[in-house]
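Record features, source Swiss-Prot:
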| type | residues | note |
| --- | --- | --- |
| DOMAIN | 24-435 | domain 'ABC transporter' |
| BINDING | 57, 58, 59, 60, 61, 62, 63, 64 | ATP binding site |
| REGION | 125-304 | region 'Insert' |
(Lines of atoms letter the chains of each structure in order from A and count residues from 1; the text may use other names and numbers.)
(Lines give C-alpha, C1' and ligand atoms only; values in the text may rest on other atoms or scores of the structure.)
Protein backbone atom coordinates (compact mmCIF):
# COMPACT_ATOMS: atom_id res chain seq x y z
CA UNK A 1 0.00 0.00 0.00
CA UNK A 2 1.26 3.53 -0.76
CA UNK A 3 0.46 6.92 0.74
CA UNK A 4 -0.16 9.98 -1.41
CA UNK A 5 3.53 10.87 -0.89
CA UNK A 6 4.39 7.44 -2.33
CA UNK A 7 5.62 6.25 1.04
CA UNK A 8 5.48 2.49 1.21
CA UNK A 9 3.71 1.09 4.27
CA UNK A 10 3.70 -2.53 5.36
CA UNK A 11 0.27 -3.93 4.57
CA UNK A 12 0.55 -6.29 7.55
CA UNK A 13 1.15 -3.48 10.06
CA UNK A 14 -1.41 -1.22 11.73
CA UNK A 15 -0.10 1.93 10.06
CA UNK A 16 -2.05 3.97 7.54
CA UNK A 17 -1.72 7.49 6.24
CA UNK A 18 -5.14 8.40 7.56
CA UNK A 19 -4.52 7.87 11.27
CA UNK A 20 -0.72 8.15 11.66
CA UNK A 21 1.12 11.30 10.50
CA UNK A 22 4.84 11.36 9.72
CA UNK A 23 6.79 11.34 12.98
CA UNK A 24 10.37 11.59 11.68
CA UNK A 25 11.21 13.22 8.35
CA UNK A 26 14.72 13.15 6.90
CA UNK A 27 14.96 15.86 4.25
CA UNK A 28 17.87 16.35 1.82
CA UNK A 29 20.44 15.15 4.37
CA UNK A 30 24.07 15.24 3.21
CA UNK A 31 27.24 14.38 5.11
CA UNK A 32 30.68 15.23 3.74
CA UNK A 33 33.74 14.82 5.96
CA UNK A 34 36.66 17.33 6.04
CA UNK A 35 38.77 15.06 3.81
CA UNK A 36 36.09 15.31 1.10
CA UNK A 37 34.61 11.83 1.64
CA UNK A 38 30.85 11.87 0.95
CA UNK A 39 29.18 9.51 3.44
CA UNK A 40 25.55 10.15 2.45
CA UNK A 41 24.07 12.16 -0.38
CA UNK A 42 20.60 13.73 -0.60
CA UNK A 43 18.82 11.29 1.74
CA UNK A 44 15.03 11.62 2.06
CA UNK A 45 12.59 9.36 3.92
CA UNK A 46 9.72 9.46 6.42
CA UNK A 47 8.91 7.30 9.45
CA UNK A 48 5.53 6.90 11.12
CA UNK A 49 5.21 6.91 14.90
CA UNK A 50 5.52 3.36 16.21
CA UNK A 51 7.03 1.88 13.04
CA UNK A 52 9.90 -0.61 13.04
CA UNK A 53 12.22 0.69 10.33
CA UNK A 54 15.47 -0.97 9.25
CA UNK A 55 18.25 0.78 7.34
CA UNK A 56 19.92 -2.04 5.44
CA UNK A 57 23.10 -2.07 3.40
CA UNK A 58 26.68 -3.31 3.09
CA UNK A 59 29.60 -1.87 5.09
CA UNK A 60 30.39 1.73 4.18
CA UNK A 61 27.00 2.49 2.63
CA UNK A 62 26.22 5.32 5.11
CA UNK A 63 23.55 3.58 7.21
CA UNK A 64 25.31 4.09 10.57
CA UNK A 65 26.09 7.70 9.66
CA UNK A 66 22.36 8.35 9.23
CA UNK A 67 21.58 6.72 12.58
CA UNK A 68 24.28 8.81 14.28
CA UNK A 69 22.87 12.01 12.75
CA UNK A 70 19.37 11.16 14.03
CA UNK A 71 20.81 10.46 17.49
CA UNK A 72 23.00 13.58 17.53
CA UNK A 73 26.39 11.84 17.43
CA UNK A 74 27.13 13.33 13.99
CA UNK A 75 26.09 16.67 12.51
CA UNK A 76 24.84 16.70 8.91
CA UNK A 77 26.60 18.94 6.41
CA UNK A 78 23.18 20.08 5.17
CA UNK A 79 19.54 19.08 5.34
CA UNK A 80 16.90 18.68 8.04
CA UNK A 81 15.96 16.06 10.64
CA UNK A 82 12.35 16.79 11.57
CA UNK A 83 10.61 15.24 14.56
CA UNK A 84 6.95 16.26 14.78
CA UNK A 85 7.74 18.94 12.12
CA UNK A 86 10.54 20.49 14.26
CA UNK A 87 14.15 20.39 13.05
CA UNK A 88 16.29 18.73 15.76
CA UNK A 89 19.55 18.40 13.81
CA UNK A 90 21.31 20.99 15.98
CA UNK A 91 19.95 19.77 19.33
CA UNK A 92 22.43 18.13 21.73
CA UNK A 93 22.10 14.37 22.26
CA UNK A 94 20.47 14.60 25.69
CA UNK A 95 17.66 16.82 24.40
CA UNK A 96 16.62 14.52 21.56
CA UNK A 97 13.66 12.13 21.94
CA UNK A 98 15.92 9.15 21.26
CA UNK A 99 17.91 6.46 23.07
CA UNK A 100 20.66 4.45 21.40
CA UNK A 101 21.80 0.85 21.75
CA UNK A 102 25.34 0.60 20.40
CA UNK A 103 27.04 -2.25 18.57
CA UNK A 104 29.50 -2.73 21.45
CA UNK A 105 26.72 -2.18 24.08
CA UNK A 106 28.77 0.62 25.79
CA UNK A 107 27.92 -0.56 29.32
CA UNK A 108 29.67 1.11 32.25
CA UNK A 109 32.21 -1.49 33.50
CA UNK A 110 32.34 0.09 36.98
CA UNK A 111 28.57 -0.31 37.54
CA UNK A 112 26.53 -3.44 38.09
CA UNK A 113 23.46 -4.27 35.99
CA UNK A 114 21.06 -2.40 38.28
CA UNK A 115 23.15 0.80 38.31
CA UNK A 116 23.76 0.65 34.55
CA UNK A 117 20.01 0.58 33.94
CA UNK A 118 19.28 3.27 36.55
CA UNK A 119 21.88 5.71 35.19
CA UNK A 120 19.59 7.51 32.73
CA UNK A 121 16.74 7.81 35.23
CA UNK A 122 18.67 10.30 37.37
CA UNK A 123 17.83 13.02 34.82
CA UNK A 124 14.21 12.02 34.24
CA UNK A 125 11.55 14.27 35.75
CA UNK A 126 7.87 13.79 36.51
CA UNK A 127 5.01 16.24 37.25
CA UNK A 128 4.61 17.46 40.82
CA UNK A 129 1.36 16.23 42.37
CA UNK A 130 -1.35 18.77 43.32
CA UNK A 131 0.47 21.70 41.73
CA UNK A 132 -1.20 25.10 41.77
CA UNK A 133 -3.43 25.86 38.76
CA UNK A 134 -1.81 29.32 38.62
CA UNK A 135 1.55 27.69 37.87
CA UNK A 136 -0.05 25.72 35.05
CA UNK A 137 -1.49 28.89 33.53
CA UNK A 138 1.80 30.71 34.01
CA UNK A 139 3.63 27.88 32.23
CA UNK A 140 1.17 27.94 29.35
CA UNK A 141 1.42 31.73 29.01
CA UNK A 142 5.23 31.59 29.09
CA UNK A 143 5.22 28.92 26.37
CA UNK A 144 2.86 30.95 24.15
CA UNK A 145 5.01 34.07 24.56
CA UNK A 146 8.11 32.08 23.58
CA UNK A 147 6.25 30.57 20.64
CA UNK A 148 5.23 34.04 19.43
CA UNK A 149 8.84 35.23 19.69
CA UNK A 150 10.00 32.08 17.90
CA UNK A 151 7.65 32.61 14.95
CA UNK A 152 8.74 36.23 14.60
CA UNK A 153 12.44 35.28 14.58
CA UNK A 154 11.90 32.48 12.05
CA UNK A 155 9.97 34.87 9.79
CA UNK A 156 12.93 37.30 9.80
CA UNK A 157 15.37 34.47 9.08
CA UNK A 158 13.25 33.20 6.18
CA UNK A 159 13.21 36.72 4.72
CA UNK A 160 17.02 36.85 4.90
CA UNK A 161 17.35 33.41 3.36
CA UNK A 162 15.01 34.35 0.50
CA UNK A 163 17.32 37.29 -0.20
CA UNK A 164 20.35 35.00 -0.33
CA UNK A 165 18.54 32.56 -2.62
CA UNK A 166 17.52 35.36 -5.00
CA UNK A 167 21.14 36.56 -5.18
CA UNK A 168 22.27 32.99 -5.86
CA UNK A 169 19.70 32.68 -8.65
CA UNK A 170 20.94 35.92 -10.25
CA UNK A 171 24.53 34.66 -10.25
CA UNK A 172 23.48 31.28 -11.67
CA UNK A 173 21.51 33.06 -14.41
CA UNK A 174 24.62 35.14 -15.17
CA UNK A 175 26.49 31.91 -15.94
CA UNK A 176 23.62 30.13 -17.71
CA UNK A 177 22.72 33.10 -19.94
CA UNK A 178 26.28 33.51 -21.23
CA UNK A 179 27.36 30.95 -23.83
CA UNK A 180 31.08 31.23 -23.00
CA UNK A 181 30.54 31.26 -19.19
CA UNK A 182 28.19 28.29 -19.42
CA UNK A 183 30.72 26.38 -21.52
CA UNK A 184 33.58 27.08 -19.12
CA UNK A 185 31.37 26.23 -16.13
CA UNK A 186 30.74 22.70 -17.44
CA UNK A 187 34.47 22.06 -18.03
CA UNK A 188 36.71 20.25 -15.59
CA UNK A 189 40.13 21.75 -14.78
CA UNK A 190 41.74 19.20 -17.11
CA UNK A 191 39.34 20.02 -19.97
CA UNK A 192 39.97 23.75 -19.57
CA UNK A 193 43.76 23.30 -19.57
CA UNK A 194 43.44 21.12 -22.67
CA UNK A 195 41.39 23.84 -24.43
CA UNK A 196 44.00 26.52 -23.66
CA UNK A 197 46.85 24.25 -24.78
CA UNK A 198 45.02 23.62 -28.07
CA UNK A 199 44.63 27.38 -28.70
CA UNK A 200 48.31 27.99 -27.90
CA UNK A 201 49.36 25.16 -30.21
CA UNK A 202 47.19 26.45 -33.07
CA UNK A 203 48.60 29.95 -32.64
CA UNK A 204 52.18 28.66 -32.66
CA UNK A 205 51.59 26.61 -35.82
CA UNK A 206 50.13 29.70 -37.54
CA UNK A 207 52.62 32.35 -36.34
CA UNK A 208 55.68 30.32 -35.31
CA UNK A 209 55.84 32.09 -31.96
CA UNK A 210 54.40 31.73 -28.45
CA UNK A 211 50.90 33.15 -28.00
CA UNK A 212 51.42 34.91 -24.67
CA UNK A 213 54.31 36.99 -26.14
CA UNK A 214 51.90 38.61 -28.60
CA UNK A 215 49.50 39.74 -25.88
CA UNK A 216 49.98 43.41 -24.86
CA UNK A 217 51.76 44.12 -21.58
CA UNK A 218 48.69 45.92 -20.23
CA UNK A 219 46.49 42.83 -20.70
CA UNK A 220 49.12 40.56 -19.12
CA UNK A 221 49.41 42.94 -16.17
CA UNK A 222 45.62 42.88 -15.66
CA UNK A 223 45.74 39.08 -15.84
CA UNK A 224 48.45 39.10 -13.17
CA UNK A 225 46.29 41.31 -10.91
CA UNK A 226 43.25 39.06 -11.44
CA UNK A 227 45.29 35.95 -10.65
CA UNK A 228 46.54 37.61 -7.45
CA UNK A 229 42.99 38.57 -6.41
CA UNK A 230 41.83 35.01 -7.09
CA UNK A 231 44.73 33.56 -5.06
CA UNK A 232 43.73 35.64 -2.01
CA UNK A 233 40.04 34.72 -2.57
CA UNK A 234 39.07 38.34 -3.18
CA UNK A 235 35.81 38.32 -5.14
CA UNK A 236 36.76 41.04 -7.62
CA UNK A 237 37.78 41.01 -11.25
CA UNK A 238 39.40 43.81 -13.29
CA UNK A 239 37.81 43.91 -16.73
CA UNK A 240 39.80 44.51 -19.89
CA UNK A 241 39.19 45.01 -23.58
CA UNK A 242 41.72 43.61 -25.97
CA UNK A 243 41.91 45.35 -29.34
CA UNK A 244 43.37 42.26 -30.94
CA UNK A 245 42.74 41.46 -34.59
CA UNK A 246 44.06 37.88 -34.44
CA UNK A 247 41.09 35.54 -33.96
CA UNK A 248 43.08 32.97 -31.96
CA UNK A 249 44.34 35.65 -29.55
CA UNK A 250 40.79 36.98 -29.13
CA UNK A 251 39.49 33.45 -28.42
CA UNK A 252 42.29 32.81 -25.94
CA UNK A 253 41.61 36.05 -24.05
CA UNK A 254 37.87 35.38 -24.14
CA UNK A 255 38.33 31.96 -22.47
CA UNK A 256 40.80 33.31 -19.91
CA UNK A 257 38.43 36.12 -18.99
CA UNK A 258 35.44 33.73 -18.84
CA UNK A 259 37.42 31.38 -16.60
CA UNK A 260 38.22 34.21 -14.19
CA UNK A 261 34.64 35.56 -14.13
CA UNK A 262 33.26 32.02 -13.72
CA UNK A 263 35.64 31.31 -10.83
CA UNK A 264 34.67 34.49 -8.97
CA UNK A 265 30.95 33.94 -9.61
CA UNK A 266 31.13 30.39 -8.23
CA UNK A 267 33.00 31.68 -5.17
CA UNK A 268 30.19 34.18 -4.58
CA UNK A 269 27.58 31.42 -4.99
CA UNK A 270 29.45 29.19 -2.51
CA UNK A 271 29.68 32.08 -0.03
CA UNK A 272 25.94 32.81 -0.30
CA UNK A 273 25.08 29.10 -0.01
CA UNK A 274 27.19 28.96 3.14
CA UNK A 275 25.38 32.00 4.58
CA UNK A 276 21.99 30.46 3.72
CA UNK A 277 23.02 27.14 5.32
CA UNK A 278 24.07 29.00 8.49
CA UNK A 279 20.54 30.33 8.78
CA UNK A 280 19.27 26.73 8.97
CA UNK A 281 20.93 26.45 12.38
CA UNK A 282 18.99 29.49 13.64
CA UNK A 283 15.70 28.20 12.22
CA UNK A 284 16.30 24.96 14.14
CA UNK A 285 17.27 26.94 17.26
CA UNK A 286 14.11 29.07 17.25
CA UNK A 287 11.85 26.10 16.44
CA UNK A 288 13.09 24.35 19.58
CA UNK A 289 13.28 27.53 21.68
CA UNK A 290 9.69 27.52 23.12
CA UNK A 291 9.92 23.86 24.16
CA UNK A 292 13.32 24.26 25.82
CA UNK A 293 12.17 27.38 27.63
CA UNK A 294 9.01 25.63 28.84
CA UNK A 295 11.13 22.72 30.07
CA UNK A 296 13.31 25.20 32.00
CA UNK A 297 10.20 26.89 33.49
CA UNK A 298 8.57 23.57 34.42
CA UNK A 299 11.76 22.36 36.11
CA UNK A 300 11.45 25.20 38.59
CA UNK A 301 7.74 24.94 39.40
CA UNK A 302 5.97 21.97 37.83
CA UNK A 303 8.28 18.94 37.74
CA UNK A 304 10.66 17.10 40.05
CA UNK A 305 13.33 14.40 39.82
CA UNK A 306 12.44 10.79 40.55
CA UNK A 307 12.95 9.59 44.10
CA UNK A 308 15.32 6.70 44.84
CA UNK A 309 12.32 4.45 45.44
CA UNK A 310 10.73 5.44 42.12
CA UNK A 311 14.01 4.77 40.29
CA UNK A 312 14.26 1.38 41.97
CA UNK A 313 10.69 0.50 40.94
CA UNK A 314 11.31 1.56 37.31
CA UNK A 315 14.50 -0.52 37.19
CA UNK A 316 12.80 -3.59 38.67
CA UNK A 317 9.94 -3.28 36.19
CA UNK A 318 12.21 -3.13 33.12
CA UNK A 319 14.42 -5.94 34.49
CA UNK A 320 11.32 -8.14 34.66
CA UNK A 321 10.22 -7.21 31.13
CA UNK A 322 13.67 -7.76 29.58
CA UNK A 323 14.33 -10.99 31.48
CA UNK A 324 17.26 -9.97 33.71
CA UNK A 325 15.89 -11.16 37.04
CA UNK A 326 18.65 -12.50 39.27
CA UNK A 327 21.33 -10.56 37.38
CA UNK A 328 20.84 -7.19 39.13
CA UNK A 329 24.12 -7.25 41.08
CA UNK A 330 26.30 -8.79 38.37
CA UNK A 331 29.02 -6.83 36.58
CA UNK A 332 28.96 -6.49 32.77
CA UNK A 333 32.15 -8.56 32.49
CA UNK A 334 30.36 -11.48 34.19
CA UNK A 335 27.59 -11.57 31.57
CA UNK A 336 27.35 -13.31 28.20
CA UNK A 337 26.97 -11.26 25.02
CA UNK A 338 23.24 -11.91 24.93
CA UNK A 339 22.80 -10.77 28.54
CA UNK A 340 24.90 -7.65 27.96
CA UNK A 341 22.64 -6.87 25.03
CA UNK A 342 19.59 -7.17 27.29
CA UNK A 343 21.16 -4.74 29.79
CA UNK A 344 21.84 -2.24 26.98
CA UNK A 345 18.22 -2.55 25.81
CA UNK A 346 16.88 -2.15 29.35
CA UNK A 347 19.02 0.97 29.93
CA UNK A 348 17.70 2.53 26.71
CA UNK A 349 14.03 1.61 27.20
CA UNK A 350 13.75 2.52 30.89
CA UNK A 351 13.88 6.27 30.10
CA UNK A 352 10.84 5.81 27.80
CA UNK A 353 12.25 7.40 24.62
CA UNK A 354 10.00 8.17 21.67
CA UNK A 355 12.50 6.47 19.36
CA UNK A 356 14.94 3.62 19.98
CA UNK A 357 18.04 3.64 17.74
CA UNK A 358 19.74 0.26 17.28
CA UNK A 359 23.24 0.27 15.77
CA UNK A 360 23.79 -3.35 14.61
CA UNK A 361 23.11 -4.56 18.19
CA UNK A 362 23.00 -8.27 17.31
CA UNK A 363 26.05 -8.52 15.04
CA UNK A 364 28.39 -9.82 17.77
CA UNK A 365 26.05 -12.63 18.88
CA UNK A 366 26.15 -16.23 17.65
CA UNK A 367 23.39 -17.44 15.31
CA UNK A 368 21.17 -19.07 17.96
CA UNK A 369 21.32 -16.18 20.45
CA UNK A 370 20.84 -13.70 17.60
CA UNK A 371 17.64 -15.47 16.53
CA UNK A 372 16.36 -15.34 20.13
CA UNK A 373 17.18 -11.63 20.43
CA UNK A 374 15.45 -10.89 17.12
CA UNK A 375 12.25 -12.32 18.57
CA UNK A 376 12.85 -10.34 21.79
CA UNK A 377 13.19 -7.11 19.78
CA UNK A 378 9.96 -7.85 17.93
CA UNK A 379 8.12 -8.48 21.21
CA UNK A 380 9.57 -5.34 22.85
CA UNK A 381 8.54 -3.22 19.86
CA UNK A 382 4.99 -4.54 20.15
CA UNK A 383 4.92 -4.06 23.95
CA UNK A 384 6.32 -0.51 24.11
CA UNK A 385 4.75 0.75 20.86
CA UNK A 386 7.58 3.22 20.22
CA UNK A 387 9.49 3.83 17.00
CA UNK A 388 12.43 1.48 16.38
CA UNK A 389 15.17 2.35 13.86
CA UNK A 390 17.57 -0.54 13.30
CA UNK A 391 20.81 -0.49 11.30
CA UNK A 392 22.05 -3.83 9.96
CA UNK A 393 23.78 -5.54 7.06
CA UNK A 394 21.87 -8.78 7.73
CA UNK A 395 19.13 -9.16 5.10
CA UNK A 396 17.29 -11.92 6.97
CA UNK A 397 17.21 -9.79 10.14
CA UNK A 398 15.75 -6.85 8.21
CA UNK A 399 13.10 -8.98 6.49
CA UNK A 400 12.13 -10.65 9.80
CA UNK A 401 11.77 -7.57 12.00
CA UNK A 402 10.74 -4.60 9.88
CA UNK A 403 7.56 -2.77 8.94
CA UNK A 404 9.66 -0.82 6.45
CA UNK A 405 13.15 -1.33 5.00
CA UNK A 406 15.42 1.38 3.60
CA UNK A 407 18.05 -0.22 1.35
CA UNK A 408 21.27 1.77 0.89
CA UNK A 409 24.40 1.56 -1.24
CA UNK A 410 27.31 3.99 -1.60
CA UNK A 411 25.64 6.76 0.41
CA UNK A 412 22.36 6.67 -1.54
CA UNK A 413 18.96 5.09 -1.01
CA UNK A 414 18.25 2.35 -3.53
CA UNK A 415 14.73 1.44 -2.40
CA UNK A 416 12.20 1.98 0.39
CA UNK A 417 9.43 -0.56 0.92
CA UNK A 418 7.90 -3.33 2.98
CA UNK A 419 9.88 -6.58 3.37
CA UNK A 420 7.62 -8.21 0.75
CA UNK A 421 8.16 -5.41 -1.75
CA UNK A 422 11.92 -5.30 -1.22
CA UNK A 423 12.23 -9.07 -1.71
CA UNK A 424 9.68 -9.69 -4.46
CA UNK A 425 9.84 -6.35 -6.31
CA UNK A 426 13.41 -4.99 -6.05
CA UNK A 427 13.86 -1.56 -7.61
CA UNK A 428 16.99 -2.52 -9.54
CA UNK A 429 19.56 -5.25 -10.13
CA UNK A 430 21.68 -4.15 -7.17
CA UNK A 431 18.82 -4.60 -4.68
CA UNK A 432 17.82 -7.91 -6.30
CA UNK A 433 21.35 -9.28 -5.86
CA UNK A 434 21.83 -7.86 -2.36
CA UNK A 435 18.57 -9.16 -0.87
CA UNK A 436 18.65 -12.94 -0.94
CA UNK A 437 19.60 -14.94 -4.02
CA UNK A 438 18.37 -13.92 -7.45
CA UNK A 439 18.48 -15.19 -11.01
CA UNK A 440 18.72 -12.09 -13.22
CA UNK A 441 18.07 -13.03 -16.83
CA UNK A 442 18.05 -11.21 -20.17
CA UNK A 443 14.65 -10.93 -21.82
CA UNK A 444 12.64 -8.82 -24.29
CA UNK A 445 9.42 -6.96 -23.50
CA UNK A 446 6.85 -7.57 -26.25
CA UNK A 447 3.60 -6.02 -27.35
CA UNK A 448 0.57 -6.98 -25.29
CA UNK A 449 2.46 -7.05 -21.97
CA UNK A 450 4.38 -10.21 -22.85
CA UNK A 451 7.96 -11.31 -22.19
CA UNK A 452 10.26 -13.35 -24.39
CA UNK A 453 12.48 -15.39 -22.08
CA UNK A 454 14.50 -18.48 -23.11
CA UNK A 455 12.61 -18.50 -26.46
CA UNK A 456 9.34 -18.76 -24.48
CA UNK A 457 6.75 -16.00 -24.94
CA UNK A 458 5.16 -15.54 -21.52
CA UNK A 459 2.52 -13.27 -20.01
CA UNK A 460 3.91 -10.53 -17.77
CA UNK A 461 2.08 -9.56 -14.60
CA UNK A 462 -0.44 -6.73 -15.12
CA UNK A 463 1.62 -4.38 -12.90
CA UNK A 464 4.18 -4.10 -15.74
CA UNK A 465 1.68 -2.98 -18.38
CA UNK A 466 2.92 0.15 -20.22
CA UNK A 467 6.05 0.29 -18.02
CA UNK A 468 8.39 -0.68 -20.87
CA UNK A 469 8.65 0.00 -24.60
CA UNK A 470 7.81 -2.63 -27.19
CA UNK A 471 10.88 -4.82 -27.98
CA UNK A 472 12.84 -3.20 -25.13
CA UNK A 473 15.66 -5.32 -23.69
CA UNK A 474 14.94 -5.92 -20.00
CA UNK A 475 16.11 -7.99 -17.05
CA UNK A 476 13.83 -10.58 -15.45
CA UNK A 477 14.41 -11.69 -11.86
CA UNK A 478 13.23 -15.12 -10.68
CA UNK A 479 14.00 -16.18 -7.11
CA UNK A 480 15.42 -19.73 -6.59
CA UNK A 481 12.33 -20.88 -4.67
CA UNK A 482 10.04 -19.83 -7.56
CA UNK A 483 11.35 -22.52 -9.92
CA UNK A 484 9.51 -25.87 -9.92
CA UNK A 485 11.11 -29.14 -11.03
CA UNK A 486 8.50 -30.88 -13.23
CA UNK A 487 8.10 -33.58 -15.84
CA UNK A 488 9.12 -33.14 -19.46
CA UNK A 489 5.58 -32.37 -20.67
CA UNK A 490 5.17 -29.45 -18.19
CA UNK A 491 8.67 -27.96 -18.36
CA UNK A 492 9.45 -24.65 -20.01
CA UNK A 493 13.20 -25.34 -20.17
CA UNK A 494 15.55 -28.32 -19.79
CA UNK A 495 18.64 -27.69 -17.62
CA UNK A 496 21.73 -29.64 -16.57
CA UNK A 497 22.51 -29.95 -12.84
CA UNK A 498 26.07 -28.76 -12.09
CA UNK A 499 26.06 -28.72 -8.29
CA UNK A 500 23.82 -29.83 -5.43
CA UNK A 501 23.94 -28.66 -1.80
CA UNK A 502 21.75 -30.08 0.97
CA UNK A 503 20.26 -27.24 3.07
CA UNK A 504 18.11 -29.27 5.46
CA UNK A 505 14.57 -28.64 4.22
CA UNK A 506 15.60 -28.17 0.60
CA UNK A 507 18.30 -28.98 -1.93
CA UNK A 508 20.01 -26.00 -3.55
CA UNK A 509 20.81 -26.70 -7.20
CA UNK A 510 23.04 -24.81 -9.59
CA UNK A 511 22.02 -25.61 -13.14
CA UNK A 512 22.98 -24.58 -16.67
CA UNK A 513 20.75 -23.63 -19.58
CA UNK A 514 22.43 -22.57 -22.83
CA UNK A 515 25.41 -21.10 -20.98
CA UNK A 516 23.27 -19.35 -18.35
CA UNK A 517 23.68 -20.37 -14.68
CA UNK A 518 20.50 -20.77 -12.63
CA UNK A 519 20.15 -21.23 -8.87
CA UNK A 520 17.04 -23.01 -7.66
CA UNK A 521 15.61 -25.01 -4.77
CA UNK A 522 14.21 -28.52 -4.98
CA UNK A 523 12.48 -30.75 -2.43
CA UNK A 524 13.87 -34.01 -3.78
CA UNK A 525 17.49 -34.90 -4.39
CA UNK A 526 18.74 -34.94 -7.99
CA UNK A 527 22.01 -36.26 -9.34
CA UNK A 528 24.93 -34.26 -10.69
CA UNK A 529 24.86 -33.87 -14.49
CA UNK A 530 21.22 -34.99 -14.49
CA UNK A 531 18.92 -33.18 -16.93
CA UNK A 532 15.72 -31.85 -15.35
CA UNK A 533 12.80 -29.72 -16.52
CA UNK A 534 11.80 -26.41 -14.91
CA UNK A 535 8.72 -24.23 -14.91
CA UNK A 536 7.60 -21.09 -13.03
CA UNK A 537 4.50 -18.93 -12.67
CA UNK A 538 4.12 -15.72 -14.66
CA UNK A 539 3.67 -13.64 -11.48
CA UNK A 540 7.04 -14.89 -10.20
CA UNK A 541 8.84 -12.93 -12.94
CA UNK A 542 9.89 -9.46 -11.78
CA UNK A 543 10.83 -7.20 -14.71
CA UNK A 544 13.49 -4.49 -14.35
CA UNK A 545 15.31 -2.02 -16.56
CA UNK A 546 18.33 -3.61 -18.22
CA UNK A 547 21.88 -2.55 -17.30
CA UNK A 548 20.69 -0.48 -14.39
CA UNK A 549 23.30 2.07 -13.25
CA UNK A 550 22.99 0.70 -9.73
CA UNK A 551 23.96 -2.81 -10.83
CA UNK A 552 27.37 -2.66 -9.22
CA UNK A 553 29.28 -4.90 -6.84
CA UNK A 554 32.25 -4.36 -4.61
CA UNK A 555 35.62 -5.48 -5.95
CA UNK A 556 35.55 -8.42 -3.55
CA UNK A 557 32.12 -9.67 -4.62
CA UNK A 558 32.75 -9.15 -8.35
CA UNK A 559 35.99 -11.14 -8.06
CA UNK A 560 34.10 -13.92 -6.26
CA UNK A 561 31.36 -13.94 -8.91
CA UNK A 562 33.94 -14.07 -11.70
CA UNK A 563 35.74 -17.01 -10.06
CA UNK A 564 32.43 -18.83 -9.49
CA UNK A 565 31.24 -18.33 -13.06
CA UNK A 566 34.60 -19.39 -14.50
CA UNK A 567 34.55 -22.55 -12.37
CA UNK A 568 31.07 -23.47 -13.62
CA UNK A 569 31.93 -22.64 -17.23
CA UNK A 570 34.80 -25.10 -16.95
CA UNK A 571 32.39 -27.66 -15.50
CA UNK A 572 29.91 -27.07 -18.34
CA UNK A 573 32.66 -27.71 -20.91
CA UNK A 574 33.62 -30.94 -19.14
CA UNK A 575 30.01 -32.17 -19.14
CA UNK A 576 29.52 -31.30 -22.82
CA UNK A 577 32.81 -32.94 -23.72
CA UNK A 578 31.75 -36.04 -21.78
CA UNK A 579 28.39 -36.13 -23.59
CA UNK A 580 30.07 -35.81 -27.00
CA UNK A 581 32.43 -38.68 -26.16
CA UNK A 582 29.48 -40.81 -25.08
CA UNK A 583 27.72 -40.05 -28.37
CA UNK A 584 30.83 -40.95 -30.39
CA UNK A 585 31.35 -44.14 -28.39
CA UNK A 586 27.68 -44.97 -28.82
CA UNK A 587 27.93 -44.66 -32.61
CA UNK A 588 31.09 -46.80 -32.67
CA UNK A 589 29.30 -49.38 -30.58
CA UNK A 590 26.40 -49.41 -33.04
CA UNK A 591 28.81 -50.02 -35.94
CA UNK A 592 30.55 -52.83 -34.07
CA UNK A 593 27.20 -54.41 -33.31
CA UNK A 594 26.41 -54.38 -37.00
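Glycine residues also receive a Cβ, built from the backbone N, Cα and C atoms like all the rest.
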Response to the item:
The number of other Cβ atoms within 10 Å of the Cβ of residue 60 (ATP binding site), counted over all protein chains shown, is 14
Discussion item. An 8 Å radius from the center of the 57, 58, 59, 60, 61, 62, 63, 64 Cβ atoms defines the neighbourhood of the ATP site; name the other residues of that chain inside it, in order.
Written reply: 393, 408, 409
Discussion item. Sequence gap of 6 or more, Cβ distance under 8 Å: name the residues on the same chain that satisfy this around residue 64 (ATP binding site), in order along the sequence.
Written reply: 359, 360, 391
Item to complete: Counting other Cβ atoms within 10 Å, pick out the least crowded of the binding-site residues 57, 58, 62.
Response: 58
Response to the item:
In chain order, residues whose C-beta lies under 8 angstroms from the C-beta of residue 61 (ATP binding site), counting only those at least six residues away in the same chain, are 408, 409, 410, 411
Worksheet entry | Cβ atoms near residue 63 (ATP binding site) (within 10 Å, other residues, all chains) | 27
Worksheet entry | Three-class DSSP secondary structure - residue 60 (ATP binding site) | coil
